[in-house]
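Shown next, in structure tokens, is the structure this report addresses.
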């Protein structure tokens, strides 16, 4: 019934369209409600009245209308009495052959009049008119439009049309044609059944999908453009057709919003890519030096981002609140430069060393007051300080681990070596290379890698002097260990010496003696890697392995140096704390004497006369640690820049210009230009970051300093690379190494948080400086907050939760979970490996099978050739036509079979056997027929001569003779 | 740069963005680069889609392609006539397929076409030899080259017809660790 109603609507759309909105929902429920019937009756009644009205009008005008009516009624199941004369009317009208358009026009006029008669409002009319307009537009579009969309639409129409024909009581050809014409114009979404709608929707969705995936299609641009335009037109045209009535409007709105949203997204994407800093610089470098050098700069940028966030944390939550809301400079002793230092506090040498005013500022731990809440915001300064310290470390862990996981996902594929040569051939060229020298190096490295692979392939490792290499490797490692131990001892020695100098008072010593530690560390960091490089030449490793060893050694060196430094620092902390004890005692004495003295002289206001600068104070060990780290960072940065300028720039300038007047070729010979040392630079960056993490708690300014340093580095190194470096010779894949860097970063992060946490947890804070002064331990601030800032029950809950009885099971549970996850991941990995193995063996088996088949086919081919040449000779003797015919019939049979087999591909042997069983023994020898089949297979061995076919056909008959 | 002349209409830019992996800025830059190659040939105004082709000899002078041993093949693969004359559409198409964001499948298809020197839809030994010679600048001896070819065939040829079909190639490349990182050109 639903279809029926739909058809009715299609017929008298003009009239019913206004009703549609009212009855939309009922109709959708696909039930004939009473309202529906009523409506139909009403419609009929209206039509009757209309027909009466027609009689007043001229005959010619009345006809089309009545015809329309007729069609409408025909489709209806409940035929009324009027039907018969209507049928009479229909025939002449269709013959009159007026264009559908004029008819429609007339009809419009008619219906308008009808409406007026019925006293309906103008509004309805206007609506209809609009609809007509859109229909016409559609029509026009269709005429001018492209084929494909039209075809689809017509398909739908035709289907619908068939239904009309089926349901109509008297199908006549002319009527049919007319109707089709009409329908072309009147195809409206409302008239489509749900099934067709579904289809249309599918088509539209398909187009949409096509538009989205178009960019990934391997077509030429022209085709893409044409397809895009067509699909867009199609979608635009039919998108609105989906949904009905109000739903339709909503749908159109949704579609429009969707479009807008897409556009916005695209713009946003554009904006986002435009916002990535240094993208162009890195691209330029990448195109000159390949992806490995660029990977360093991308790493640098990533590091910059992290430091930016760390900087925001410390700057926004620690430094700015203290500077704005804390007590101003000079109000309390910890915020004042002490009297003896005041004269030199503004000297550049002192400031450069982060002493003087720099030391007593927000840059360092000691400046912060232990006041619980500051300013009108009641900002909890000590708590904030502590939480920022924790948050810095936590955030760093999170970011590093997440990045590592992502990298691991990306590089999870392709760890087997089954396509060694192919990969070398097809994927080893780095398409980014745009620099001739780089290209030359790449050519050379590819050639050597091929030669290596060939050698490996030719002989599976001739190990005649394995003892020598082993000995050399052991020797090299021994030497490296010696170097590491030596450098460690050197640093320890120097630090001890510097402590002695410090005890003597720094002013009595030279600049070198004061900066010995940093200088020695920097120098070691500069020269030891070179030494390692020389030593690694002994080992004769594959370059990639050698590089990893080298990286590992440098890492060990840096780490050793750093830890020696930290151990020395710990010694110093202990010294300071002893000093602090003495001073603490002295201060009480001093205060007592002060009070005693003042009491004896004047008892009114003695405390006011004491300037904060004059108050004796303890050696703030936290500030000292912070200062050490800041100095280390500064000297490290300076060394990096100076090495860059001297080692790269000056060298390049000298080589370039002295080359004109030198006895050998400097550019090609000994000094030549320097390479960009990716691994060394990355390691430097990583260690620098480690120091930041370590020292950030005691010197909140460290992230800021690091941001500055990285910023400058970016520009300086970009410039240096482009102007005075040559691309490196060593092959170093960037893609595989990313996680190697990340792993090192993680190790460093862990190792650098260890000492920081150790000092925070075990050493009591200084008594007169920093946000935690007066507390036993730094983390007491948490407890204090819990007690005073949170409701009592919270503290209770917390204390229960921190009860060992709860914490221990929780830790146990976590350990169990970790163990479980780890074991499952292990089993997955194993399963993965198993599957891979299976796949590989299967592949190999397939390969073997196919090769065998190919070999067999070749043999068969030769045999067949022989046979065919033989038969060619025999053919001259043969004549019996009768038998020939018979055999031909048989051949037909067999050839049809052949075709069948040919489709099955090249796995011919089993079908052959089948055939053998089926056919009489008089058939041609198996190899031949097999052979024939084989080459009959489409697209296989095109070289096989076609003419051999008739000959082969003859074979059976000849055999019969 | 004061009065910017419109090179493309909005629709053109939208269409380019739909068909390629570029942003509008990049497309404009690409047009700049394209025009740089033959300033007398390529008009600034592209709103009416002029049919202009820049020959191969000019295209391969771009620094992005200059050092590439397969530059001629790349350009030929993307040119509509197969001789290496690129219209702007082809030009954009080429860099879109080679850009960083294009998917592995697309790159694989084009890589196959590039390495298929004789365009018979198979990479046969001749193609392999050509590739190798270009890749090593002919520094491998003929024996070495043929050895490598045999080995490569042995590794990747799964159906035993001693040439690599696209599926063989796809299978091989899908497992390659640095195909994606190496097979792209930045512009």
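Note that Cβ sites are derived from N, Cα and C of the backbone, with glycine treated the same way.
Since the structure is predicted, the reported quantities are computational estimates derived from the model, not experimental observations.
Of the given residue ranges A:383-401, A:402-420, A:421-439, A:440-458, TrEMBL assigns the label transmembrane segment to A:383-401. Within the listed segments A:740-761, A:762-783, A:828-849, TrEMBL records transmembrane segment for the stretch A:740-761. As stated in TrEMBL, the feature transmembrane segment covers range A:519-538 out of the listed A:279-298, A:499-518, A:519-538, A:579-598. Contact between the transmembrane segment (A:682-705) and the transmembrane segment (A:302-324) is supported: at least 3 Cβ pairs lie under 8 Å, counting only residues 6 or more apart in sequence.
Within the same chain, residues 480, 483-484, 487-488, 491-492, 495-496, 499, 517, 521, 524-525, 528-529, 532-533, 536, 625, 628, 632, 679-680, 683, 687, 690-691, 694, 740, 744, 748, 751-752, 755 sit at least 6 positions outside the transmembrane segment (A:550-570) and bring their C-beta atoms closer than 8 Å to a C-beta of that stretch.
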